[in-house]
Structures are given as C-alpha cells and as structure tokens.
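Accompanying notes for the structure given below.
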Amino acid sequence: GCDPALAPISGGWGELVGGGAVLLYRCPPGSAPSPTSVRRCGPDGTWDPLPGGGQEPPKCQAVFCPAPLEFEHGWFYPRGGRHPPGSLLRYGCSGGFSLRGPAERRCGDGGRWEGPDPVCDDGSGDCPAPAVPPGASMEGSRARFSVEGRVRFRCRPGLQLVGSAERRCLEGGSWSGTEPRCRDPNSFDTPEDVAEAFLASLSQSVEGFFFVFGDFLVVSDPTSKRRISLDAGGALNVFLVLDASRSVNPRDYELARDALSELVEKLASLGASPRYGVVTFGSEARVELSPSEPRANDGAWVREKLGGLPLAGGEGSLGGFGGDLGGEFESVGSLWDISPSGWGDFGGNFFVYWDFLGIFFGYFWHNFGGYFGGIYQVFFDIFVIFLLYFWGDVYVFGLGQDAHAETLNALGSKKPGEQHVFFLRETEELQEVFHKMIDESSTLGLCGVSLEFARAEERERNPWEVTVTVTRPGKGQERCQGSLVSPYFVLSAAHCFTASDRPEWLGVDIGPRDRRGVSGLFLHPEFSPGSRRDRGVPEFYDFDVALVQLDKAVHPSPSHRPICIPCTEGASRALRLPEKSSCQDHRRLLLPPKNVEAFFLTPHGSGGLQRQKVLLKLGDQRGPCEADALRAPPYANVSLLSDIVTPRFLCSGGHEPQVDPNACPGDSGGPVVVTWGKRHFQVGVVSWGVLPVCRQRRAPAFARDFHVNLFEVLPWLRERLRDEDLGFLP
C-alpha cells in the first residue's frame, strides 16, 4: 500500500478509504482542498500525481465568492479584489435604468453570493434584460432582447458555468433555460441554499417522483408545481440504491445509510406508507428488497434493512471498486414492470393514482465520467414513458470536491427562475437537506420526533426536555429535570417536591429565557418515601413520579415537542403498530427481556443537554444490577432487597457489558428514553442512585441507577392525563 505520510495536505488532514487504496483530503470550514481532494494508490505503491503535474503538496485553500466582471448600465462596489464569506457587494443603476434584484448581496459561507443576480433594465426589450452572474461575461447582438434574440454566457477561467450557457428570448417575454452562475470549484451550496430553492417547489407534499443516482438527485413531476403527494391514503413507491463498493469511505457510507433512513422516517412521519425497493451495487448490482415483498411498506423494517447493508469487504458484501451504474439501472428497471399490465399489480392506474419516488445514492470520483453516455441512455430507456407524460424536471446534487460540474449541469433541467443543480460539501449535510426539503408544519405535534443532523441545536435534538425549579420561601431553590408529555403537562420525579409545595413556587423552563408558570402539582398517591422506616429504609422511592400542570399550553415547534408515552395511540403510530395493538406490544418492542439501549440527559453549560447512553438491565444482568442497591450507604442495615427495589424500577449502571455513565442529582426527574425507528419513547423517570459518583473520575462497578418504569404507573398516568387526548390503550 501507499504511505499517507508521503501525501500530506497543508492546513488539513487525510482519511484513508477503500482499504488504503484512496486518500481523501479534508479541510476546516471555510476552506477546501486544492488542487484535488482525492489521491489514489497505484499498483507500484505510489500515490497518483497531482493534477497539472505540480510538486507542491495540496493545501486547504480559502473559499471566495467570484467578483463581477461586468454590470451593464450600472455600478457595483467594491470592484475587483477577493470577496471572502461575509463580505458585501453593493449595486446601483445609471439614469433611466431601474435595478431589478437586491441592491446589496452578501457572500455566503459556501462561497456563493446570496440572493438573485441584480440587473439594470430600462424595459425597452421584448424580454427583460437578463442578469449576468458574478464571474461571467455576456455576448449577443443589440437585438438580443427581442424575440428570438440570443445571449451567451461565459465564465472566466477557473470557474465552472452552472445553468444555461445560452438563452433565447421567447414569445411572451420570457427567456429560455435557467439563470447561469459561475461556480468556484471550491464553493458549495449550504443546506439553507438547497432548502430555499427546493421549498419553492417542494413543500409538505410532492407530486410525481424523484430519484437519486450516483451522486445525483433527480426529480420529475406531473405539473409545474413539482410537489410530491404524501397523502396517507395515496400510494408511493420509494426506490433506494446505495453504492456499497470499496471505493466508499465507511464513514460516508454509514452517513449515507443514515441520510436515507432519515428520509424513510420523514416520509413515514407524514402518514405515508410507501412501498420500498432497495438495490446495492459494487462490482455488481443486487436487489436487496423488492417493493412487492409483503413488508416493503413497513418503514421501520426497511430502516433495519438499510442498517444491515454491509459495505464491501464485510460478510455478505458485494466487493468491487467503483459502481456498476449500468447494472444499477437494470436492477431498478427489473423492480418496475412499466408495461400496462404491470400497473394493475399495484391496484391502480399508474398515471392517475401512482407517485414514484426513487433514491439512487452513491459516491463516485473521477471514474464516473465515462459512464454517462450509456447511463443517460439507460435512464431514458427506463424512464422515457414517464418523461413523456410527466414533463420531467431533473434536480441534480453533487457531493464532495470532485463532483463533475459539467456532467451535472448537462443532466439538470433548465427552467427560468429555478435552480436544478446543487453542490454539497459533506455527506452529513444530506440529513439536514432531507429535513429542510419537507415542510414539517403538519408533524410538529407528533410525539418523540427530534432533529438529529449535525447542525441541529441541542433543544431540537431533545425538544421534550424541561427544567423544573422549586423556590421555597426562606429555603432556597431546588432543580429537577422533566419531560413534556402533552401541551399542558410535564412528567418528573415525586421526590423533587413535597406535599406542601404550592404551584406558585414552581417554574418550568422549556428553553432559554422561556419560563412557564404552574397551575397544578400532582404526586403519585402511593409515593411515600418514609413508609418503610420501620424496616430500616430511610428513603423509599417506589412510585417516584409526579405531573406538573402548566398554566399555558406549549405550542409545538422544532424545539418544543412532546415525548412518546408508551401505551398511547401516538406511540402506537410511532412504533408502526396496527390499529388494534396492545400495551404488551409496546412493552415487547421497547423493553424486551435483554439489555436495552437507552439514554438520559444531563444539563451542562448554559442550557446545554448531553445524552448519557446506558443499558437498561432487563435480561440476565437484571438480578446483579438490582442486588447492588443493598450497597447504598443509606441501606447498610437493610437485608431484604425487596424492601428497596420493587418491580416498578429499571436498573442501569455498572461496568458490564459496558461502562455506563451515572446520573447526577440534577438529573432527577428526567426521562429515560428508548429510541425506536428514529422516534423517542420515555420508558422511565430518573429516580435514585446507589452512590453519588458524579465528581469521581471512575465510578465503582456497583454504582447503579434506578428509574421508575412507566409501564408500571400507567393507570395513574391514564387517569391524570385523561383530558390530554393522548389516547391511552385499554
């Protein structure tokens, strides 16, 4: 193999992928690798030469927005020079001309000017004067703004033209094609850029189909609205194709699977029940899931299938280096019977009732260029009937430094006022793009939904978490955690309060500078911490749960959402269970008799929240975990474990099979959360621990934590929350 130390990059770092066959260069935000982002190991054990034969090592180069070359009938300032992210460019027009577009533009973080390109126009042409993007020049005759007049655009050397290089003035006063832009190879669109462009045509529903192949996302639609219908009563077919070849960085492969899984969850969360098809490809393409399979519309099961798809080199993997794109399309084509007789297999007329959504997802570098003649032909062979009837629009996404701009631009549709070609820097941004592509306004009230992409705020990751403060006159303050379980109620621990606490002493912080008043406090009637003192138990935490009623409802938003409570209708839908499911079905999925992955939250910093991942010991380790309760100092004189630990507790902590973090005093009352299918379910309330170990570097193995099991206090929750429309199961 090749030694990565012999191919350094100044200001960045390298990542080996493909078993050491490929070195990917990475740079900090605001910069990009130059002159290349990838090196390949040759058969002689040396890295391939740099583009242009240069000898200087690659470096992380700052990203700049291109400077305007011309601005006809007007002026701009500052002229020339470089425009780093954050800098401003101002425009104005000469007498007799009006400015169309912004008078001021900001260079965005990705090296692209924000907003549309401005232009000065006197309104004398049949078509409005076309804007010339920064970095470009425009050619054409004086009659260029008359019907059938043509203008041509050219970017200065070093920039890539994206959009229409030539536009024609059409009858009716509009230009053919789409607005061009000049792209620096080191610049990228931000997820916000993509969302803004997509949400102009894609909102909470999309009609037609879209699919991604290779590095590219393609969208086709039946009307100019380009909206994908996610009507729960309609039908949608989703085709996922993933590059599992050895040329893929394992980290990027996992992120790709996560991004696709996120999209599956997004569609399911909107009430759609699509049927999924899954194809992987390496040296050959393989159908992993056909939409005709009985469980192909089970989103949770499909996500499990995605999570189990191996990268090349693992057991069951495809092997190969690079992707068999032709085989990929043949495999997808085999999933679709596009003959008229085949449409009936799905129970409806395809052109009227059926939406198709396919996702083709992969990673290619320089090796894909030669494929496209054949690939595009295969594309039309498969989809020509769709394009004829759906007036196909093609949206194209390029991922990473080496996305081939010329090829991507050739694939993208060209329509006035619309952007169809996008470039993203990192795979992580795809999850954020998928989130921003779909309007979640109709899903904000769903329980257990959080935003998991890298740039999500901590409150968006844990939107149910709140802090409850008790201020007792003359006695100071006490803080506990809690969880939002409905618009009016917070669930917490009873030991955080006393029977004499008054609602006006309580406040609930649901976010920074957002404190809510309290109108009611309800402790579980069987919580009695001193009830076993006659048995030598000074503190008894059975039924350690309380409900705090807010004086005003919390309106759902990305940072304020309820968590799912087991045995409710909302939890059943989140678990993808049939309508007549039982509470035992919930317990079977969320708390099976084995070690169960869960987390609780620890406050840190100024309003921060840190997830602490633990294993709930529900299998063979349950007994030893619970037995360590007798080692708590307050229970030194207690001999019977049942005097301390009842069946209503869940146990975590210890060193086997992993070292679990321990809860701290300020964590009391917070939710113990199990994640299932990207939705979050509260199964417990943090109650008490064997030892106060938070300031110790390493806790002993017997330092266990105990949490009240919500399945064991459901009758009380059902009674207290009966007016909250949670729909508790019988």
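Every residue gets a Cβ built from N, Cα and C, even glycine.
Remember, it's a predicted structure, so these values are computed and weren't measured experimentally.
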Name the cysteine that pairs with CYS93 in a disulphide bond per TrEMBL, restricting the answer to CYS107, CYS120.
CYS120
If you follow TrEMBL, the disulfide involving CYS182 connects it to which of the following: CYS155, CYS169?
CYS155
According to DSSP, does HIS495 (active site, charge relay system) sit in a helix, a strand, or coil?
helix
Sorted by position, what residues of the same chain at least six away from CYS120 (disulfide bond) have a C-beta under 8 A from it?
PHE71, GLU72, HIS73, GLY74, CYS93, SER94, PHE97, SER98, LEU99, ARG100, ALA129
Using a 10 Å radius around each Cβ and counting other Cβ atoms from all shown chains, which of the disulfide-bonded residues CYS93, CYS155, CYS182 yields the largest count?
CYS182
I want to check the contact list for SER668 (active site, charge relay system): same chain, sequence separation of six or more, C-beta distance under 8 angstroms. What comes out?
CYS480, GLN481, ALA493, HIS495, CYS496, VAL686, SER687, TRP688
Between ASP544 (active site, charge relay system) and CYS182 (disulfide bond), how far is it from one CA atom to the other, in Å?
63
Provide the three-state DSSP residue tally for the domain 'Sushi' (125-184): helix first, then strand, then coil.
4 helix, 23 strand, 33 coil
Name the residue among the active-site residues HIS495, ASP544 whose Cβ has the smallest number of other Cβ atoms within 10 Å.
HIS495
Kindly report the helix/strand/coil residue split of the domain 'Sushi' (63-122) according to DSSP, in that order.
0 helix, 23 strand, 37 coil
